C-alpha cells in the first residue's frame, strides 16, 4: 500500500517538487524558503559538516592507500558522493534566485493546463516524479543508515568475543583524537551520521529538481501539442476556410508559438542552472559504481549489502537523469510529428507557413544541454558499458 502522497489521487499541487522541497528544507537550502537569520545559520552548519566530512574522508582514504587498499576504498567510495553532494549544495545556493524563478514560472504554466487530457498528463508525470524521487530518497537513506548499522554490528560482535570497542565513525574519517574518545565520541558519531544524511538530501534535492523540471516541461509540450492539433482540426477538408476563422486561427497560433518559445527558453535556463551538477554527476557515476562493485568483492557480510544498496542508489540517480532527458526529447519530437500530421494543409497559406515553421523549430529537439553529451537512455547504456569495463579491469588487477 503506497503512502497517499505517492498515489495519483493526491492533489497535483502537492506533487509539485514535493520531495526536493522536503529534502532541501531539512538543511535550509530550498530556494523558496524565507532566508531568516536562523535558517542561514542552520544552512552554514550543514555546509560546514558536509565540507569537513569531505576533507576527513578524502584524507583518510589517501592516507590508507599505501597501507590497506580495501580500507582506502571503503573511505574513497563514499567521499566521491560526498564531494558531488557538496557541489550540488553549492550550486543550489548559488542559483537559488534563478531556481526560485523557474519553480514559480513552471508552476504558473502547468496550473494553466485544465482540460481533461492535460490533467491526465499532469497526474501521470507529477506522480511519476514524486515516486521516482521517493525511490532515490529511500535508496540513499538505506545506504547511509547501513554504514552506521555495519559499524555497530562489527563492534557488537567484537564485544561479544571479548574484544575492545573500536572508536571509529560510520564513514571512515580522520578526526583529532579527543573527538574519538569518551565523552565526545557519541557527539562525533551523531554528526558523522548526519553528514551521511546531508549527502542524501542534497542528492534528492538536486536530482529531484532535474527530473521534476524535465517532466513538468514534458507536460507543457504535450499540452501544446494537443492545442496545436485542436486548433488546426478541420471538419471537412474540402470546405474553403473563411477569412474570419483563419484570422482567429492566426491569432491563436501566434500564442501557441509564443508558448513553444517560452518552453524552449525555460529548457535553456534549466540547462544553465543544472550544468555543473549534471556534468559532475555523470563524470563520477561510473567511478562510484565501479568502486562499489570492487568493494563488494573485497568485503563480506553486511559490507556486501552496504555496497549493493549503494550501487543501486547511484544507478537510480543516473536513471532519473537519463529518463528525464529522454522524456523531454521525445515530447519535443512528438510535437513536430503531430503538427505535421494535423490538418495544417486545409488552412490558408499564412497558417500553413506558421505550422511548418513550428514543425521546423520542434524538430530541433529540446534537450538539457550538458558539455559533451545530453542525458538520455542512450547515454545510460554507454555509462553502463564503461562501468562494466572498469569493473573488469579492477577485478583483473585484484586477482
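Cβ coordinates come from backbone N, Cα and C, glycine included.
TrEMBL entries are annotated by machine, without manual review.
In TrEMBL, the annotation transmembrane segment applies to 304-323, one of the ranges 224-243, 244-263, 304-323, 324-343. When the ranges 125-149, 150-174 are checked against TrEMBL, the one recorded as transmembrane segment is 125-149. Between the stretches 14-30, 99-115, TrEMBL puts its transmembrane segment entry on 14-30.
Sequence-distant contacts of the transmembrane segment (304-323), counting only residues of its own chain at least 6 positions beyond either end whose CB sits under 8 Å from a CB of the stretch, comprise 77-78, 81, 132-133, 135-136, 139-140, 142-143, 146-147, 150, 203, 207, 210-211, 214, 278, 281-282, 285, 288-289, 292-293, 295-296, 375-377, 379-380, 383. Take the transmembrane segment (125-149) and the stretches 14-30, 42-60, 72-95, 194-222: counting Cβ pairs under 8 Å, 194-222 has the most.
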